[in-house]
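*Asks:* Below is a structure I'd like to ask you about.
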């Protein structure tokens with residue numbers, strides 16, 4: 001230990017974050033070190049600009065949507081705990097977690113929470129539905145100008161037609177889950193964090 005990261009995180013904070021996110025002590029310490037290196041203002045929070053300096057997010061077509069997921073509504077800064085809560089959605093599900101206490105809170109990295117997180121990336125206006133326009137905006141972010149507007153419109157129309165079960169021309173969370181029921185979301189939405 002003895003690093004700057006370990007001295008600035010109190011043991012009780014470390015335990016609370018471990019319990020809430022499922023990360024190990026060493027993972028939390030390592031991620032705290034990364035957090036402080038990103039904190040250019042050295043004020044214990046990250047801004048959107050701090051995130052935009054991360055090369056992997058800067059080149060990701062959904063980078064802005066992912067960055068926005070770190071910030072609570074109306075906030076322009078995120079503290080370490082909020083940072084860890086968002087990252088926890090991407091923590092792989094370990095074998096020993098599959099038989100967790102059914103009465104306890106659902107882990108942030110559960111299939112359901114990963115699906116909610118993904119759904120929110122598409123639900124731009126936060127009305128609990130993915131409209132054709134929202135789908136078009138996200139598709140445009142992902143493919144850039146490589147596909148014509150007409151082709152994108154066809155993809156969006158077909159996607160909504162296949163997913164929309166109640167005929168409202170939008171995709172609800174329930175319909176989103178149904179479409180992805182055979183997709184290994186747990187694996188596809190996981191990042192390996194060093195121990």
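Glycine residues also receive a Cβ, built from the backbone N, Cα and C atoms like all the rest.
Among the features that Swiss-Prot reports, Ca(2+) 1 binding site is placed at 123, 125, 127, 129, 134, with the record citing sequence analysis. Residues or ranges marked as Ca(2+) 2 binding site by Swiss-Prot on the basis of a curator's inference: 164, 166, 168, 175. Sequence annotations record features per position, and here Swiss-Prot assigns domain 'EF-hand 1' to 26-61 based on sequence analysis. The feature domain 'EF-hand 2' is assigned by Swiss-Prot to 66-101, with a curator's inference given as support. Residues annotated as domain 'EF-hand 3' in Swiss-Prot: 110-145. Annotation comment: Swiss-Prot describes 151-186 as domain 'EF-hand 4', evidence class sequence analysis. The N-myristoyl glycine annotation in Swiss-Prot covers 2, and the record cites similarity to another entry as its basis. Per Swiss-Prot, the feature motif 'Necessary for association with microtubule and interaction with GAPDH' maps to 2-6. As annotated by Swiss-Prot, motif 'Nuclear export signal 1' applies to 138-147. The motif 'Nuclear export signal 2' feature in Swiss-Prot is assigned to 176-185.
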*Asks:* Take the C-alpha atoms of residue 166 (Ca(2+) 2 binding site) and residue 129 (Ca(2+) 1 binding site) and report the distance between them in angstrom, rounded.
*Replies:* 12
*Asks:* Is it possible to list how many residues within the domain 'EF-hand 2' (66-101) are helical, extended or coil according to DSSP?
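*Replies:* Within the domain 'EF-hand 2' (66-101) the tally stands at 16 helix, 3 strand, 17 coil.
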*Asks:* May I ask for the residues of the chain that lie six or more residues beyond the domain 'EF-hand 4' (151-186) and have a Cβ under 8 Å from a Cβ within it?
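*Replies:* Sequence-remote neighbours of the domain 'EF-hand 4' (151-186) are 92-93, 109, 111, 114-116, 118-119, 122, 128-132, 135-136, 139-140, 143.
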*Asks:* Looking at Cβ-Cβ distances, which residues of the chain lie under 8 angstroms from residue 168 (Ca(2+) 2 binding site) while being 6 or more apart from it?
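*Replies:* The list for residue 168 (Ca(2+) 2 binding site) reads 129, given in order along the sequence.
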*Asks:* Roughly how many Å lie between the Cα atoms of residue 125 (Ca(2+) 1 binding site) and residue 164 (Ca(2+) 2 binding site), rounded to a whole value?
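*Replies:* Here the two Cα atoms are 18 Å apart.
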*Asks:* Which number gives the other C-beta atoms within 10 angstroms of the C-beta of residue 125 (Ca(2+) 1 binding site), all protein chains shown included?
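*Replies:* Its Cβ has 10 other Cβ atoms within 10 Å.
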*Asks:* By a simple count of other Cβ atoms within 10 Å, which of 134, 164, 166, the binding-site residues in the record, is least packed?
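*Replies:* Comparing Cβ neighbours within 10 Å for the binding-site residues 134, 164, 166, 166 has the fewest.
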*Asks:* How long is the line from the C-alpha of residue 127 (Ca(2+) 1 binding site) to the C-alpha of residue 175 (Ca(2+) 2 binding site), rounded to the nearest angstrom?
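*Replies:* A Cα-Cα distance of 14 Å.
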*Asks:* Give the mean pLDDT for the domain 'EF-hand 2' (66-101) on the 0 to 100 scale.
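*Replies:* It averages 85.
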*Asks:* Rounded to a whole angstrom, what is the C-alpha distance between residue 123 (Ca(2+) 1 binding site) and residue 164 (Ca(2+) 2 binding site)?
*Replies:* 15
